[in-house]
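Noted in Swiss-Prot for the protein shown:
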type	residues	note
DOMAIN	2-181	domain 'KARI N-terminal Rossmann'
BINDING	25, 26, 27, 28, 48, 52, 82, 83, 84, 85, 133	NADP(+) binding site
ACT_SITE	107	active site
DOMAIN	182-327	domain 'KARI C-terminal knotted'
BINDING	190, 226, 230	Mg(2+) 2 binding site
BINDING	190, 194	Mg(2+) 1 binding site
BINDING	251	substrate binding site
């Protein structure tokens, strides 16, 4: 079982007198920066010129270039997209690190797959909230928190664990609980969850169900409601109380259908395919492919995204969501 730390376990916050540079001011960046500041930390933000720079300024932060922020900080938290981190680290962060500094991540991808190679004289750890930035910020402001993971990759000072827990405490995560892990475990389980279940698995399942109904002659609008729209209702029940709560909350007919039909859809062959996905994550195949795709300008990424956005389920969904003003995306989808 995972070891979990709470507020009572952080008796002395060893980072309170240190300067923390938050590199990036997107979903996680703004939440980390604001939570740390509210908890009395000395926070600066490191960015390239753009909308985020202006937003961080409006929010009252001292904003610098990435290099300037890294140079003056004791703790550098990198909250940029995975594919951008290696270049920014190499050009702007690495030259400004000093012995005893802390290099921090919210995901272990680049360290685990050797895209970022920290010097031996700095602490390296991760603190990864298990929720999007807006939720990290909102729950903190309400007096609660989102649980987080932490892991130490390199302990140059002998107090890297204390630093990691102090950072987690600073963003409020110790209110809910902070689970100890490793860079390897966090990276591989996170990627697997995204690919096999949360993103890849769910989208493939939803599309397959939609296509099955439409191909059988049912109206696309009904297929959308049954296979996509109502998914949130079921996921919310699982989120609140696990599979048991979902099954308790639905009809007996639905629960019996779950028991007799679910295993025929997600079969042993499906689990074998999941095993292959996991193996490709573990041996670096996925990482190498994604890194190569990014370096090539992401042609397949953009082409696939465009094709997926033209699928009938998306066309029907846009139409139906237009009839439901209470269903609005938090962020308008577009080109990344």
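From the backbone N, Cα and C atoms, a Cβ is placed for every residue, glycine too.
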Residue counts (helix, strand, coil, in that order) that DSSP gives for the domain 'KARI C-terminal knotted' (182-327): 122 helix, 0 strand, 24 coil
Neighbours of residue 190 (Mg(2+) 2 binding site) among the recorded positions 25, 82, 84, 107 (Cα to Cα, within 10 Å): 107
Subset of recorded positions (27, 48, 82, 107) lying within 10 A of residue 194 (Mg(2+) 1 binding site), CA to CA, in sequence order: none
Binding-site residues compared (27, 251) - the one with the fewest other Cβ atoms within 10 Å: 251
Taking residues 25, 26, 27, 28, 48, 52, 82, 83, 84, 85, 133, which bind NADP(+) in the record, the widest Cα spacing (Å, whole number): 20
Spatial neighbours, same chain, of residue 84 (NADP(+) binding site) - Cβ under 8 Å, 6+ residues apart: none
Winner by Cβ contact number (other Cβ atoms within 10 Å) across the recorded positions 48, 107: 107
Nearest of the recorded positions (107, 226, 230, 251) to residue 48 (NADP(+) binding site) - Cα to Cα: 107
